[in-house]
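So that you can see what the record holds, here are the features copied from TrEMBL:
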SIGNAL    1-30  signal peptide
DOMAIN    106-268  domain 'NIDO'
DOMAIN    418-667  domain 'Nidogen G2 beta-barrel'
DOMAIN    583-624  domain 'EGF-like'
DOMAIN    625-666  domain 'EGF-like'
DOMAIN    673-716  domain 'EGF-like'
DOMAIN    717-753  domain 'EGF-like'
DOMAIN    761-834  domain 'Thyroglobulin type-1'
DISULFID  CYS804-CYS811  disulfide bond
REPEAT    905-947  repeat 'LDL-receptor class B'
REPEAT    948-990  repeat 'LDL-receptor class B'
REPEAT    991-1035  repeat 'LDL-receptor class B'
Amino acid sequence: MQDVGGRSAAAWVRALLLPLLLTGPGGCLSHQDLFPYGPLQGDLELEDGDDIVSPALELSEGLHFYDRSGIDSVYVTTNGIIAMSKPPAKESHPGLFPPTFGAVAPFLADLDTTDGLGKVYYREDLSFSATQLAAEYVQRGFPEVSFQPISVVVVTWESVAPYQGPSRNPAQEGQRNTFQAVLASSNASTYAIFLYPQGGLQFYTTFSKKEKSQVPAMVAFSQGLVGLFWKSDGEYDVFANDSKSIENLTRNSNSGRQGMWVFEIGSPAAAKGVVQAEVNLGPNSGANYEGEVEDYDQMTTHLGLEDASTPSLPFKISKRGDTDSYDVSHALSPRHETTEGSRSFQLPVFSQQQVFHVEEMEETGSVFPYNTDSQQTCANNRHQCSVHAECRDYSTGFCCRCVAGYMGNGRQCVAEGSPQRVNGKVKGRIFLGSSHTPIVFENTDLHSYVVMNHGRSYTAISTIPETVGYSLLPLAPIGGIIGWMFAVEQNGFKNGFSITGGEFTRQAEVTFVGHPGKLVIKQQFSGIDEHGHLTIDTELEGRVPQIPAGSSVAIEPYTELYHYSGSGESTLGDGREGSPDALQNPCYIGTHGCDTNAACRPGQGTTFTCECSIGFRGDGRTCYDIDECSEQPSVCGSQAICNNQPGTFRCECVEGYRFSDDGKCVAIVDQRPIDYCATGLHDCDIPQRATCIYMGGSSYTCSCLPGFSGDGRACQDVDECQPSRCHPDAFCYNTPGSFTCQCKPGYQGDGFQCVPGEVEKTRCQQEREHILGAVGAADAQRPRPLGLFVPECDEHGHYVPTQCHGSTGYCWCVDRDGRELEGTRTRPGLQPPCLGTVAPAIHQRPVLPTSVIPLPPGTHLLFAQTGKIERLPLEGNTMKKAEAKAFLHVPEKIIIGLAYDCVDKMVYWTDITEPCIGRASLHGGEPATIVHHDLGSPEGIAIDHLGRNMFWTDSHLDRIEVAKLDGTQRRVLFDTDLVNPRSIITDPVRGNLYWTDWNRDNPKIETSYMDGTNRRILAQDELILPNGLTFDPFSSQLCWVDAGTHRAECLNPSQPSVRKVLSGLEYPFAVTSFGKNLYYTDWKRNSVVAVDLAISSVTDTFHPHKQSRPYGITTTLSQCPQGHNYCSVNNGGCTHLCLATPGSRTCRCPDNTPGVDCIERN
């Protein structure tokens, strides 16, 4: 079951959930240990009542929260929350978690202070005594951190009562809770300190208005909604949400003192999740644990010697992430033992039933849910599931399950039986033999290739220092866990990927008998990346025995059986529960003899059956493709050809016919007048500025819309406010294509007619009056209380762009809603140069298409980021960065390659999530998917605008294909001698094709004719990671960027000499050219960089608003380059594919097309 995510750590789980034996009150937190509070300390007091939210507490020093900084105000609620923005009214009482606003919740529950049932106090404190006490408390939890706060926010809930609802709980009568939250901030980070004094928590549940029942309180943090256009839940971390955990808050700690909990909540380290302290309670601090509990499993490698047994804890969390979960109805079994060639485990004993939620687990770990009143459903969490998974709702949450043909945990799914690649980095600090000097290496590549159908995996680590290489040969555990991840699954058993989805941490200790010291292996598995590869980071540290160079190491064969069952048991063993033949089943050892297009189904013992895959027929040992075209002659309909393919079939219309919208083949009528307006092939301005008028025949005219002027092909906005058309007592605001009128303050009306009268107050005016009225300072003659911030409004009632605090002298810029702009706050005596951000209300413009935003005329750069394509206009060679806007929003997709067809004004892209190839018109409209099957990981894409073909690389299938621009008539050009093909580009006039292959062992840039002949290597020396590739048809220069050499290079393909253009690039990914410039996307800078080829220098850099990796980039030329090839006219006389060559062309048939329907000729 998928449930609410939350970062946690083994220390927290251990402290809250293990049984405790208290030895006495020593070390407990008392009320005197709380930060001083109350009216005498200058505290503000929250209004009595239920579900009350305070006014904004303006801060002189900004808070840091997750990845945000400069938060200048907070809100305090009755219900145990400090909010980073004002909670909406509908969320004033506890409900679904996470909330839409940023929240720090030391005790999130429905609390009540009606009729004096407790008080809530809050303040910002800059005093030395408060900041020093906060520094001491933070130091307890993070002793290695030097932290000196300059501001603390102190919030105290004193003797608050539980909300009991209509049916009062007699057991809670008279029970009161007291607790405190302190937010301590420096210039760089913010820490949260939660204090629960002894006897301070007398109740642990409250009545939920939503559930109509008692529910446990919660200790949690939430970033709130994030996103500029599409809002989604940000990071959130739940640390306690059941009665037992809440009860133990006063008796346990993560900072070494009972009742004191410390968290790092705002800094670069906490950008993706709250970091909690991990200082355990000492032996005299009042808590003893039964038995010894380790934070990690221990693996012991004995070279042919006896086993060892060490205790281990089967959960260790080091990163946040939502994984698939499974319900567990009872506690972990007291003991799960196993014996294998080199490993054994023993779990600790628990004295009572517990329910765990573990996001990341050890290699023997399982995922358990926790209980919460937050009802998570597929409707708002579908994105948590893999694109190859289905989501189902249950009473306790939702569940992600991989669809048929895929395996995984629902969050991550991979195709069954498909080879898998594992990529990562290894770093180490290893002492060899008795040496006192470590051998250090970093950024070393780890690659593993897993043949799932055969149950084999191959793991290699490159460029290990020769001095230590042979001594690492015994370390089979490094790659052994990868074998467990993708092991062939027996009936009723799951491999590691099905349990974890490839997202977990693993730590192991390797000792060598007769040799002192040990080696620690730390591995972080981060799931499937955007290229479909499992990612892993490995760290080695410790001492290993020295093995002479040239030696060989023999490890006795051993077997492993990983067993997972719905009862929550996790067993690692040797198959003792079943027959000794269980592991000898041919399906698992690869001796089954089934056809390559069949699945091996294991039976009892060594029996098995072979079952042909979908689309094939036979006895399993021999499988034949089902010819759907012969068995169902009419499957494609009339005027269509059925092309059989392995496991499937494809329909194509005969010559002279095309597919209609309903999928039928209809005749193509030639020589008929073309309505350019209806087809969208006109050159009028975008529909928001102009209209196309059909004049009959093939004629049309363009006309600007009202409010615009021009010839219809380029329209400019008319300023209707010159002269003003509004009432004399109104303001006139010009808008694109229109204008709006607004009566001046003191007048009311529609702007065309204004009469004296009161108008509705603005947000700024309302906030100003509320603050002044709350402190009794509404009378301008009365002095304002010290420390009070009152916003300033302009003549229209809008926030003045520059706001200053009257007492502290600090000034900052605000947006139109009065929110501080990050990074604008100045010290006393200085005012920042704030720009006006308030614009008048604008009438709704014509509705744009839901996905594509039309491009204005001119030349643009298009570049891809996750979920969108952005446009960047060019004026000459200068990037008009202020006019950069989104062109296409495609959430949940990762677009890699981009290409542009200058004839039809279409942009094409590759998407590795489905995977698929799509396209969209620059004029707007909905995007379309044109290729969506038989793809692995499409990356580079190129267009032949003369021959009307597209070419693409597939790094998973290791091949290069060609097809028509609508995705039909596909043909594989190359499927040999390719390892990691990425970028591809065409030279349509000369009929040449170029591509990069960043094969780590043999990187190269290759070329061929467009028909696939005359293949040869163009560049090979001094290449490491050739990523992007571009061809300038005007200068005939081929240029590329290399992320390994960190440089851009160019050559003329007719001349072998290579010249270096620019060194010092950081991590270039894709590149395009226009005029004298190269433009490339950089992964380190998250930016688009311009390079002047004439002077070999960077001239400009554009940083998109969305700070994420940019991928492909292309140039949308306003006109096509001059030239033609032999496929330009009448498809070169070919029946199907026309592929240009230098000075000629080749006619080729699509793959799997019957020869009678297609004629191939040179």
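Yeah, the Cβs are placed from backbone N, Cα and C, and that goes for glycine too.
Taking DSSP states H, G and I as helix and E and B as strand, the domain 'EGF-like' (583-624) has 6 helix, 15 strand, 21 coil. Mean pLDDT, taken over the domain 'EGF-like' (717-753), works out to 81 on the 0 to 100 scale. Around the Cβ of CYS804 (disulfide bond), a 10 Å sphere holds 18 further Cβ atoms from the protein chains shown.
Over all protein chains present, the Cβ of CYS811 (disulfide bond) has 19 other Cβ atoms lying within 10 Å. Residues in the repeat 'LDL-receptor class B' (991-1035) partition by DSSP class (helix H, G, I; strand E, B; coil) as 0 helix, 23 strand, 22 coil.
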